[in-house]
Amino acid sequence: MRMLMNNLDPEVAERPDDLVVYGGSGRAARSWAAFDAIVRALRELENDETLLVQSGKPVGIFRTHADAPRVLIANSNLVPHWGNWDEFRRLEALGLTMYGQMTAGSWIYIGSQGIVQGTYETFAEAARQHFGGTLKGKFILTAGLGGMGGAQPLAVTMNEGVCLAVEPDVTRIQRRLDTRYCDEIASTLDEALDQVREACSQGQPLSIGLLGNAAEIYPELVRRGIIPDMVTDQTSAHDALNGYIPAGLSMEEAAELRARDPQEYIKRSMNSMVLHVQAMLEMQRQGAVVFDYGNNLRGQALAAGEQHALDFPGFVPAYIRPLFCEGKGPFRWVALSGDPEDIYRTDEALLNLFPENESLKRWITLAQQKIQFQGLPARICWLGYGERDKAGLLFNDLVAKGIVRAPIVIGRDHLDSGSVASPYRETESMKDGSDAIADWPLLNALVNTASGATWVSLHHGGGVGIGYSMHAGQVIVADGTPEAAQRLSRVLTNDPGMGVIRHVDAGYDEAIDCAQEKGVKIPML
Ligand code: NAD
C-alpha cells in the first residue's frame, strides 16, 4: 500500500492527479475509485489472502497461503491479434483497461532515481566503446526530460560529458533543475550551442535543457552542419497521442488538437517522428554515434514510412546485453520507514558485503553525492545472479536487528535480464533470432509467484507501446522474519536466474559461462 501511494507521491509521479506515474500515460490504478478500493482491500487483506488486480482495478480476493504473493497484477494485456493502440484505446475509453507501463502499474516506480544508474551505465559503456572510457569534451544530444528521460543530463555529466536535452515542456525542465538532474536551461538554440561549445572546449561537464521540439531542433542542427558526438532520444515516442509533441505546436496547441482531433494529432506525431529519425540517420552518416533509447522511436518512424529507421541500433544490443547474460539488471530497494538514514545503512552494509566490487563502490559514492531522494528514500544498483539473494538476506538481517527502522522493499524494473520480450528493445537482435518469443516473461511471473514474491505483475506494452512488448515484475518485502528470509533467498535467486537461462537458451557464451560457474541447472546444457 505504501508503494502504491509512493508511486503517486507528487515528488515521484509526473501527473499524480490523473494517476499517471511516468512514460506518457503509465498509471498506478485505473481510476480514483479503483485506487480507493485497492487501498481498502490491502488494509483488510489477511496474511493468507491474495488480491487480484486487473489493469488497475481490484477484482477479487482469494485464500492462498502465507508464502504466496499478497497481490497479483495483470496490466494492459490483450489477445495478440487485437494488440494494437486503436483497440487498446477503444477498450480504455470503455473503462475496461489501463496502460500500466512497466513499474507504474506494478507499484515499484521510484522516480528518475530508478533509471539513473541504467542510464549512467549505458553512457559509460558507450564512452568505453567509442571514446576511450569518458565523455569528457563530448557533445551528447538527446530529447525528453520526463520521468525516465530526466535522468539523462545527470547520467551524462556523471560521465563527464556535455548534454543538450531538447524538451518542449518548460515545467519538465524546471523539475530537472529543481532536483539537480540538469544544470541549466536555455530558451534559444544559439544560446544553448554557445554553452555547449564552451563546456566542450574546457572539458567541463554540463547539462542544458533546451526549450524546443526535437523534430525541429535535430533537423536544424543538421542544416547548420552541427553534428554532435553522440545522439539519442527519450521522448515518449511509443505513444504517438499522449507521449509525443508534433513539430510546429506549442504545448497548449498540442493539448487542444489532442482533445479535438486525436487522429490528426497521431498523424502529425508520426510525421514528426520521421523528421526526427531522418535527422538522427543523417547525423549517424556524418559520424555521430547514434542509438535508440528504448522508446520505439525507430518502430514508429518505420511504421510511418521511413524504411531506414532501423539503421541505428537500440541501446540493449549495443551496450547492455552482456550484463543481462549474467542476470544483471536494475535491482532497487526502498526504505518503508521514510528515513534516509536507513538507505545510507543499506549502502554501507552492501559495500561491506561486496568489498571487491569497485564499480559498485564508485556508483554508491556518486549516488550519495548526486542523487536526491524522491518520495520514499530508495537506492538502485545493478546486481546479478548470485548477488541479489545475498543483498536481500543482508537487508532482511538489518531489519531483524533493528539497524534499519522498518522493512525494506526490494524490487526491480521490468526492463531486466529475464523478464521481458520486446523486439525493439530488450530482446532486439537476439543471437538465435528469438526476439519475439514471449514465453520468457510468462515463465518469469510464474516462477516468482511460485517462489513467494510479495507481489507479481504481468504486463503488455510497457516501454515501447501496445503490441510491442510483454514483461513481468516482482517485488519482495524484507520484514526481518525467518519466513521472509526463505522467500527472499528463493525469489532473488530464481528471478535473475531467468535472465541467465534465457540468454543461455539464445546461445550467449557469457551466459553459458555464468550458468556453469554458478551451477544454474539447465537440462539441455
Ligand atoms: P514521460 O512521458 O514522462 O516524458 C517524455 C518527455 O518527452 C516529456 O517531458 C515530453 O514533453 C517530451 N517530449 C514529447 N515530445 C517531444 C518532442 N517532440 N521533442 C522533445 N521532447 C518531447 O516519459 P519517460 O518516463 O521519460 O519515458 C520516455 C520514453 O523512454 C518512453 O517511451 C519510455 O517507455 C522509454 N523508457 C526508456 C527506458 C530506458 O531505460 N531507456 C526506461 C523506461 C522508459
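Our numbering is plain: 1 for the first residue shown, then up by one each step along the chain.
Cβ atoms are placed via backbone N, Cα and C, with glycine included.
Taken from TrEMBL, the feature active site covers Cys381. If you look up TrEMBL, you'll see 23-24, Gln101, 147-149, Glu167, Arg172, 213-214, 234-238, 244-245, Tyr293, Gly463 marked as NAD(+) binding site. The feature domain 'Urocanase N-terminal' is assigned by TrEMBL to 1-108. According to TrEMBL, the domain 'Urocanase Rossmann-like' annotation covers 111-319. What TrEMBL records for 322-516 is domain 'Urocanase C-terminal'.
The residue listed as 'active site' and Glu167 (NAD(+) binding site) are 28 Å apart (CA-CA, integer value). Note on Cys381 (active site): other Cβ atoms within 10 Å of its Cβ, all shown chains, come to 21.
Annotated pair Gly23 (NAD(+) binding site) and the residue listed as 'active site', C-alpha to C-alpha distance, rounded: 21 Å.
Cα to Cα, the residue listed as 'active site' and Gly147 (NAD(+) binding site) are separated by 18 Å. Around the Cβ of Glu167 (NAD(+) binding site), the number of neighbouring Cβ atoms within 10 Å comes to 27. Taking a C-beta cut-off of under 8 angstroms and a sequence separation of 6 or more, Ala214 (NAD(+) binding site) has the following same-chain neighbours: Ala143, Gly144, Val166, Asp233, Thr235, His276.
For the domain 'Urocanase C-terminal' (322-516), the model's pLDDT averages out at 96. Gly23 (NAD(+) binding site): 28 other CB atoms within 10 A of its CB, across all protein chains. Long-range Cβ contacts of Gly147 (NAD(+) binding site) within its own chain (separation 6+, distance under 8 Å): Ala13, Glu14, Val21, Tyr22, Gly23, Tyr109, Gly111, Ser112.
Of all the Cβ atoms in the protein chains shown, 29 others lie within 10 Å of the Cβ of Tyr244 (NAD(+) binding site).
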